[in-house]
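**Student:** What follows is a structure written as C-alpha cells; I'll ask about it next.
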C-alpha cells in the first residue's frame, strides 16, 4: 500500500518527537545586515567546571542546526499550513520573477482538478508558482557571476561560521585564565585538504559573504534554492565548506503513507540532514512531495524520471521527452531544489556493463538504459540537455547529475562504464555552466578503500571542481544490515578527499524501506563521517566541539558529555543502563572501569597530589614512586605476602 487511506489532510499533525528541543539546547538566531536575515543555530549550554578541577566557566557551544522552526518553542507548527516563506521577500525584491496565473504543467493541473485526491492535497498553499521573467536568469550562480551578494549568500556565511569567533571571545572573558582557555579550546590539528582553497596557509580566517559568492561563481559550490521553495533556509554544498549530508525518504508501491514521509523528513532534519531527497515511486507522488516541500526548511531533491515512469505505467520504453519535460516543470513549480538527472547514461556505455557482477543498479540508470536499447537511440536526457538547462534557470533548480552507471559491488568499482559516464558528466557540467545553472555531480557507490581517492581525483579533474555528492561509498559487500557502517567508512574518506555532500545509507540498505529509527541511525552515522572529514581537512573551528566534549569528559561533567554528542538520547540511555541514579551523573567514574580503575580519575589524583606537594605533575609521579619504594623496602622487599 503506497498511500494510507487513513491519511486525510484535515487530520494531519506534526510528529511530537520532532518538535521538542534537544537536551540543554535552545534555538538562537544571529541577525545579518537586515532584520529578516535571521540565521538559526543550536546553542548547547554547559555546566561550570567543578571547583576541584579549577572552577572555570564553560560558555555555550554553537552548532549547525538543520531543524528549522520545529525545535523553536516560540514557533507555532501546523503542517497543514506549512512553514513561513522565509525567502519570499528576497525573491520578490530582485524583480526578475513573475507570479504565474496558475500551474504550467498539464499533469499538475490534472491533479489539482482530480476529486479523488481532494482529501490528500496540501491545504495551506495560497500562492501561485513563480517563474523567471522573459529573458531573465534567476539562479544564485547567475547573481554570483554578476558580482551580486544575495541575502542567501550572507545567510550562508553567518551559518558556516557557527559563531566560532564569539565563542572564543567568551572564553577569553570567562576569568583570569580566559586567554589560556581560549587557546586550548581553539587548538586544532593541521589538516590535509588536498588542495581545497579554504584550508591551509591561504585559508580565510572566517567565511565571508564574498567568499561564498566567489565559490558559487566558480561552480565550486551550489546553493540549492528554488524560487518556489521560499520556506527553505539557505545552505551551501561545496568542498570549501562544511561537509553536508543528505537523507533519502519516499514511499514505494508497497508501503508508507504521506504522513509517514513527512514524519521521516522532520525526523531527518532534527538529527542533522542538510538536504532531503524524496524518492517516492508509488501513487500520490505529487501530493506527497507537496506536503514535504511546504514543511521543509532544507532543500528537497528528487529524481524526476521516477514520476515520469509512473505516468507511463512503469514501461520505460514508452517514456518521451514531452512527458519528462512536463514532469520537470510540475516539480519545479512545486519547489524542488535539485533534480537528479541521469543524462550521462549514453547508448554507447550500456554494453560496457555486460560483464559486470551486478550490472546497472541505479533505478534511474536502468530506466534510461532500457529506453536507449528499446529505441536504439541516444538518451533524450542527453539530447535535450540544453532545453533542460532553460527550465532549470527559470526556477533556480540545481542539477545533481546522476551516476546511473555507478558500481553496485566492489567487483565493478572504477570500471570503464562508470568512468565513461563520469567524463560525460564533466562535459554536461560545462554546458550547464554556460547557462549559469548550478551543478553537483553524483558519485558511487561500492568502492574498496584503495580506489576511493582515484574517484575523487578524476571527478575534480573532469568536472572542474563542481561539488561531488556520493552515496557512501560502501567499502565492502559482506555486511547486509550494517551497510551504514560499510559506507560510513568510505564516506569519511571521500569527504576528506573533497566530496562536498554525502548521501546517507541506513541499516536497511539493500534490504527494505527505512523507518524512522533507520533514518536516525543513518543520519548520525553520516554526521559522524562528515565531521571526521571536516577535522581531517582542517576546516576552521571543526575541532571546537571535540575539545569541549573532551574537557567535559575529563571533568566528569556527564550531562555535558551527553548533550555535546551527536545523539544525546543514546549516550544517556547507554550510561543509564548500568548507572541509572542521578548521583551517577556527577560520579568520577563510569561502569566501564568502575571507581578504582578510571584512568581520568587516577590522573586527577596525581594532579591533586602535585598541588598538595607544591610540585609539578612529573615531579609528583617521581615523588610518589620514591614513597612507594621506601614502603616496599620497609615491608621486607617481598613481592608477594602470605595472608
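Glycine is treated like the rest: Cβ placed from N, Cα and C.
Here the structure is a predicted model, which means the values were calculated and not measured.
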**Student:** Among 383, 427, 442, indicate the single residue that Swiss-Prot lists for the substrate site containing 248, 277, 306, 342, 362, 363, 364, 403, 404, 405, 406, 469.
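**Tutor:** Within the candidate list, Swiss-Prot flags 442.
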**Student:** Round to a whole number and give the Cα-to-Cα distance in Å for the pair residue 306 (substrate binding site) and residue 510 (Zn(2+) binding site).
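**Tutor:** A Cα-Cα distance of 18 Å.
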**Student:** What's the number of neighbouring CB atoms sitting within 10 A of the CB on residue 362 (substrate binding site)?
**Tutor:** 23
**Student:** Do you know offhand how many angstrom separate residue 469 (substrate binding site) and residue 446 (Zn(2+) binding site) by C-alpha?
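**Tutor:** Rounded to the nearest whole number, the Cα-Cα distance is 14 Å.
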**Student:** For 306, 469, listed as binding-site residues, tell me which one has the smallest number of other Cβ atoms within 10 Å.
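**Tutor:** Taking 306, 469 as the binding-site residues, the minimal 10 Å Cβ count falls on 306.
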**Student:** At its widest, how many Å does the recorded substrate site span between Cα atoms of 248, 277, 306, 342, 362, 363, 364, 403, 404, 405, 406, 442, 469?
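**Tutor:** Value for the max Cα separation, rounded to a whole number: 20 Å.
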**Student:** Can you tell me the three-state DSSP label for residue 364 (substrate binding site)?
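**Tutor:** Residue 364 (substrate binding site) sits in a helix per DSSP.
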**Student:** Hey, how far is residue 406 (substrate binding site) from residue 510 (Zn(2+) binding site), Cα to Cα, in Å?
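**Tutor:** With the alpha carbons as reference points, the distance is 15 Å.
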